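What follows is a set of notes on a single structure, which appears directly below.
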Amino acid sequence: MMRQVASWFYCLLFAAALLLLMGLSLRLGPTPTSSWDAWNACFAYDDASDAQFAIRQIRLPRTILAAIIGASLATSGAIMQGVTRNDLAGPTIMGLSSGGTFCLLLGLLLLPGLGFNQAIWLSFLGAGLGYFTVYSVAFLARGGITPVRLALAGTVVSILLSAFTQGLTIYFTLHDEMLYWTVGGIANTSWPQVATALLPALPGMLAALLLAPSITLLSLGEEVAGGLGQRTQLVRTVATLSVLLLTGGAVAVAGPVGFVGVMTPHLARYLVGYDYRKIIPLTALLGAILTVAADIASRTAIDGQEIPLGLFTSMIGATFFIALARRRSSQRGGPH
Amino acid sequence: MSSHLRTLLLVLAIVIVASLVSMSLGSHWMSPTSLASSLLGYGHATHEMILWSFRLPRVLLVLLVGWAIAISGVLMQAVLRNDLAEPGILGVATGGNLGVTLALILFGTQIASPWSLPAMSIAGGLLAVLLVCGLAIDRSGIYPARLLLTGVAVSAALGSFTLVLSLNIDRQIYAQALAWATGSFNKADWNYVLALAVWLVVLMPIVLAICPVLNILRLRDENVIGLGLNVFQWRVLLLVLAVALGAAAMAMSGGIVFLGLIAPHLARRLVGPQHGWLIPAAGLMGMLLLLVADTAGRTLFAPVEIPAGIMVGGVGGIYFVYQLMTTKG
């Protein structure tokens with residue numbers, strides 16, 4: 001019971017932190033604004049005011065989008081880690097991001113008037129393709145799937161897909177179009193994009209929450225889950241669909257935002273233990289906090305210059321990932 | 001004549017033929033006779049100009065870079081006793097790129113020359129590799145998988161850091177820094193060839209002199225110590241040497257991933273694991289692979305040029321997946 005109270009407390013605490021951070025994000029930017037402007041822009045919008053206009057049409061969609069992306073990526077990482085029982089799993093590592101980018105590029109090539117809605121479909125397709133490739137490489141390897149081998153396969157498939165992406169980018173001189181997707185940026189977000197991003201994120205999140213108890217069982221191991229009467233194949237399928245919805249949407253909107261999905265589930269597990277009913281909402285909150293903070297940093301770190309969101313998360317996330325890889329392989333004794 | 005020597009000579013012959021073919025290919029095709037006469041100095045003036053100022057230095061630079069990266073891979077695999085180790089993945093490319101970018105920011109473009117670039121690139125590459133190894137080591141040694149994952153993560157972080165730095169610098173400097181990052185030879189000229197050749201002339205005798213040690217280092221630690229070697233000192237020395245070779249080469253070409261992995265593997269199939277044979281064989285394989293990649297990259301898709309680094313990355317990635325699937329562990 002004590003534990004239950006504690007996890008609710010964490011959720012409330014981080015929800016409050018997220019709201020504060022989002023408020024801060026509305027205030028920061030080149031147009032000077034007051035907190036009152038921010039309040040009015042949300043609840044009593046007056047389009048005659050410059051400050052309110054900047055908040056309502058530029059900063060608010062952007063802030064919300066950052067939160068959606070962070071929550072999606074983090075949740076998808078948590079599901080992957082639970083289902084594959086692999087601490088190192090995440091959208092960037094498992095080939096989802098690079099697969100999504102690759103298919104987006106193909107889309108840019110084949111459908112010149114590529115709109116946002118088609119981009120999202122392509123991104124799902126690519127994320128699925130990348131995930132499938134990584135999984136089959138690890139599966140076909142001699143000795144079967146181990147956590148580290150899965151991570152390694154993902155890494156190499158990602159490098160491979162990025163080489164293809166780069167090659168095609170150069171061949172068709174699509175640098176400007178691709179730069180936007182490949183560094184992970186959400187500059188120039190507008191409301192329609194937020195709506196399109198929410199479309200896959202909502203059912204994805206819902207599926208994740210409904211699956212949470214089953215993932216807890218599955219994370220104990222296939223035999224245990226099966227022995228307790230769980231239809232593991234069904235759970236895996238739904239989990240994969242949910243991961244694709246969440247990651248595909250985020251990649252389509254923001255490009256590959258690195259390492260958020262690997263990092264946040266660990267923080268959540270550290271706080272609330274191994275019950276995915278608690279982990280998933282907390283992970284979503286933490287992921288949103290992380291990306292909103294990274295987005296604020298990306299707008300304000302250098303004056304008058306936009307640093308792509310993905311750069312910050314990569315730098316923080318890579319450090320975290322190394323610590324995990326250390327712990328993971330020393331526990332398992334390493335494959336050699 | 002031993003069979004290994006015969007193999008080496010055969011590969012060398014293939015490399016020479018491939019170089020000649022590469023020199024005759026391009027937007028302006030040269031027939032074998034006009035190529036021969038231009039090389040000897042009594043050909044058509046235009047042909048001689050194209051050959052001596054563009055194609056010959058480019059081919060030579062590719063060969064030197066391929067040789068250096070492949071041997072760097074052999075050294076790393078021996079030192080870390082891990083057949084998946086290679087300079088590109090362990091951070092030499094991103095570290096070197098960071099070194100070059102930092103130097104350009106701090107001192108401006110006037111210090112950038114074929115002579116100073118390798119030094120900056122080596123400093124950065126060395127830092128990255130030491131960081132990767134330091135993070136991957138613990139009391140019980142280095143686990144191969146952890147080493148690779150750490151390399152990838154450190155590369156991602158350093159790459160992001162470099163990009164953040166370069167976003168805020170002068171556009172002209174940035175363009176120059178970026179030129180080193182893409183892995184292309186289209187800026188090759190005689191100065192680069194000469195600079196890298198000098199590095200190799202200094203480093204290669206050392207590498208060849210310590211071949212016997214390399215063979216011993218692949219044994220288990222207990223046995224090596226039993227033979228009276230200071231394992232740690234040798235490892236550090238060899239690692240520094242490997243980075244110096246790899247980073248100097250990548251300062252000329254930009255990041256080239258997977259070459260240092262594939263060339264030693266193919267060479268091992270040809271001549272076995274003894275380093276006396278393995279090192280030259282790997283060097284030749286590196287030359288051949290990079291030459292084919294560069295020639296294909298600049299001719300297949302003309303007028304667009306695909307950097308050799310990307311060509312190698314595409315093919316090499318597939319090979320790596322194959323290795324991962326077939327090697328135990």
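Using N, Cα and C of the backbone, Cβ positions are placed for all residues, glycine too.
Whatever TrEMBL says is automated annotation, not expert-curated.
Since this is a predicted model, take the numbers as computed values, not measurements.
Look at TrEMBL and you will find A:63-80, A:92-114, A:120-141, A:150-174, A:194-218, A:238-259, A:279-297, A:309-326 tagged as transmembrane segment.
At the 8 Å Cβ threshold, with sequence separation of at least 6, the transmembrane segment (A:150-174) lacks contact with the transmembrane segment (A:63-80), having fewer than 3 such pairs.
The largest share of C-beta pairs under 8 angstroms with the transmembrane segment (A:279-297) comes from A:309-326, of the ranges A:120-141, A:194-218, A:238-259, A:309-326. Within the same chain, residues 18, 22, 25-26, 86, 89-91, 94, 96, 186, 189, 193-194, 197-198, 201, 204-205, 208, 211, 215, 239, 242-243, 246-247, 249-250, 253-254, 257, 260-265, 268, 276, 279-280, 283-292, 294-295, 309 sit at least 6 positions outside the transmembrane segment (A:63-80) and bring their C-beta atoms closer than 8 Å to a C-beta of that stretch. The transmembrane segment (A:309-326) shares the most Cβ pairs under 8 Å with A:238-259, out of the stretches A:120-141, A:194-218, A:238-259.
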